[in-house]
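K.L.:
First the structure, then my questions, so here it is.
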Amino acid sequence: VSLQMMKHAWDNYKRYAWGLNELKPISKQGHSSNLFGNIQGATIVDALDTLYIMEMKEEFKEAKEWVEKNLDFNVNAEISVFEVNIRFVGGLLSAYYLSGEEVFRKKAVELGEKLLPAFNTPTGIPWALLNIKSGIGRNWPWASGGSSILAEFGTLHLEFVHLSHLSGNPVFAEKVMNIRKVLNRLDKPEGLYPNYLNPSSGQWGQHHVSIGGLGDSFYEYLLKAWLMSDKTDEDGKKMYYDAVQAIETHLIRKSSGGLTYIAEWKGGLLEHKMGHLTCFAGGMFALGADGAPSDKTGHHIELGAEIARTCHESYDRTRMKLGPEAFRFDGGVEAIATRQNEKYYILRPEVIETYMYMWRLTHDPKYREWGWEAVEALEKHCRVDGGYSGLRDVYNNHESHDDVQQSFFLSETLKYLYLLFSEDDLLPFEHWVFNTEAHPLPVLHKDDGSKEENQK
């Protein structure tokens with residue numbers, strides 16, 4: 001089914017928005033997000049590996065030809081370093097590792113080089129925004145005290161290690177290792193990592209902590225850096241398990257109705273709210289269970305299962321059976337969005353991602369059942385003539401579509417669904433680690449003295 005869904009999403013993108021970043025499935029035209037400046041083709045690059053894995057060979061070939069002829073980074077544009085890294089660099093790296101086509105390696109390294117000026121700050125903590133023509137960077141104007149954001153500068157590690165591996169140029173890996181050094185030197189309030197860090201002073205901004213937006217993928221990348229290094233990156237491993245310990249102590253709570261959730265921390269006060277983005281953490285805890293201190297493995301799997309259940313409840317308690325952007329546990333509500341601006345669903349993958357990890361790591365059939373419920377809801381409420389659209393209010397009786405088919409729907413949501421219903425030997429966890437945009441990157445085995453370097 002996810003194959004048919006992919007076909008519908010891709011064919012309509014091709015028909016109405018080819019070469020543009022994303023599709024507006026109701027107006028049947030292109031959608032350009034300012035995250036990518038005027039780099040084009042986000043959906044194509046994000047979908048390459050999904051097309052390949054689903055054996056959509058014709059489509060993959062067309063996508064590859066577009067990349068060869070049209071993917072251009074010589075644009076005068078300000079881009080999000082984080083988004084361009086996870087979608088474009090990640091997408092190109094995966095396409096290269098899966099297909100062996102040299103064009104993808106070449107483009108990934110070229111783009112990586114364009115991102116390097118973002119690290120030209122006093123601390124080496126990169127800017128959030130970079131003009132890739134002038135090399136001038138800055139931070140989001142709304143970010144606390146001119147800070148860079150933990151989830152943004154903390155979600156470059158996997159891709160940049162691979163860029164060094166594929167180019168033979170150590171500078172990429174050095175840049176991301178330096179980020180770790182800065183973080184290790186700093187005092188962490190209660191062992192937690194605030195979401196804001198000033199790249200000039202090297203000091204934390206506001207003491208806000210979140211495992212959802214602004215924090216999320218930083219934690220994921222600590223664990224995955226260790227897994228991707230063939231379990232040799234002891235520093236990443238220690239940072240991850242120490243962080244999980246602090247998260248358990250300070251952020252994980254149980255509602256009166258027995259649902260485990262991860263709250264947000266604001267200068268020592270808890271906000272009992274959990275974002276859809278935070279739902280990835282169920283899969284993360286389960287994936288990390290195996291490396292946990294010996295007595296804790298079962299506990300981490302259990303934690304993953306509890307988060308999966310809470311996130312399933314956030315879906316089940318809506319009219320559309322798709323989860324809201326954020327849901328709360330206060331004033332007698334549990335796992336329900338209470339604010340209008342949190343009731344939307346933009347085709348996000350995190351809950352299905354957690355089902356996929358829980359399925360692979362436990363083989364409990366309920367995760368496939370829950371995944372199937374999500375498929376039915378997507379087909380019923382998000383599928384339109386011209387593709388798939390997000391929803392403005394999942395509690396409503398009738399759909400109000402937002403008219404955007406996000407590139408991550410093809411890259412993540414549909415890929416995780418496909419993997420949930422596939423055999424475990426498709427992209428097995430011992431050999432592949434998924435970046436935060438679901439782009440699989442190979443585990444770098446110790447004996448892998450980079451072939452590419454030897455050919456240079």
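Cβ coordinates are placed from backbone N, Cα and C, and glycine is handled just like the others.
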K.L.:
From the candidates Cys279, Cys382, select the one that TrEMBL records as forming a disulfide bond with Cys311.
P.N.:
Cys279
K.L.:
Going by C-alpha distance, which of the recorded positions Glu83, Asp216, Thr436 is nearest to Glu325 (active site, proton donor)?
P.N.:
Asp216
K.L.:
May I ask which of the recorded positions Cys279, Cys311, Thr436 is closest to Glu83 (active site, proton donor) if we compare their C-alpha atoms?
P.N.:
Thr436
K.L.:
Find the shortest Cα-Cα separation between Cys279 (disulfide bond) and the recorded positions Asp216, Glu350, Thr436, and name the residue that gives it.
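P.N.:
If we rank Asp216, Glu350, Thr436 by Cα distance to Cys279 (disulfide bond), first place goes to Glu350.
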K.L.:
For a quick check of packing: other C-beta atoms within 10 Å of the C-beta of Asp216 (active site), how many?
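P.N.:
Around Asp216 (active site), other Cβ atoms within 10 Å: 25.
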